[in-house]
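K.L.:
Take a look at the following structure, please.
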């Protein structure tokens, strides 16, 4: 069985696949290496053989996790690496190694699914947008703070803004002007993300008219999915690209 990991800034997304058919056996999201090991050990009748992962962590943090996986499960680990070109997609950064690996894999996955021009929007700790033309040319992209960063900055630097995650979730049941601080903050941040999406769609149309696909991924994808009804929400888009970048026989 194959373990796949997407090690982000705040969480580790994991899933276990059956090696022969690629069928999904189990999946989850954890906030630490220890929690990952606990989750995997709790699975019944699961025998891990190989692992492929993508990480935006520091090299030391990634190596610690790899060492832990080898120690606990005795499996080989393959890491996604930067590339100038792969699977028909040409990296658009001047220094290709500086492009975040999660963005790169999401682009590979999006282009593979689109079979043509596409806009890839990822809503995690940070929000990213990337434009890939029909011939696979990465035209560049944008990065801005995601919902967690905007929320935490306001909580940290504004003394009177204090509320919990449950209050934040309740506040997002509407987009009407807030009648209290939590509603005002959460809905204001949400509207910023929605405005970001609309700007990206406008730019994509200026490039390709209506001849392109839109993919939305990331933990907060559902907050903006209604802004782009034509978009396809693909929660595992990074994993689609990971399988392309790190094929395991």
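Glycine is no exception: its Cβ is also placed from the backbone N, Cα and C atoms.
Pasting the relevant annotations from Swiss-Prot:
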ACT_SITE  102  active site, proton acceptor
BINDING   6, 7, 8, 9, 10, 11, 12, 13, 125  ATP binding site
BINDING   93, 100, 101, 102, 103, 181  substrate binding site
BINDING   122  K(+) binding site
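Situate these features within the shown structure.
P.N.:
Over all protein chains present, the Cβ of residue 102 (active site, proton acceptor) has 26 other Cβ atoms lying within 10 Å.
Within the same chain, residues at least six positions away from residue 12 (ATP binding site) with a Cβ under 8 Å of its Cβ are 5, 6, 29, 30, 31, 32, 33, 35, 36. Look at residue 12 (ATP binding site): DSSP puts it in a strand.
DSSP assigns residue 181 (substrate binding site) to a helical segment in the three-state reduction.
In sequence order, 102, 103, 106, 128, 129, 216, 217, 218, 237, 238 are the residues near residue 122 (K(+) binding site), counting only same-chain partners six or more apart with C-beta under 8 A.
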K.L.:
Consider each pair of residues in 93, 100, 101, 102, 103, 181, all listed by the record as binding substrate, and report the largest Cα separation in Å as a whole number.
P.N.:
40
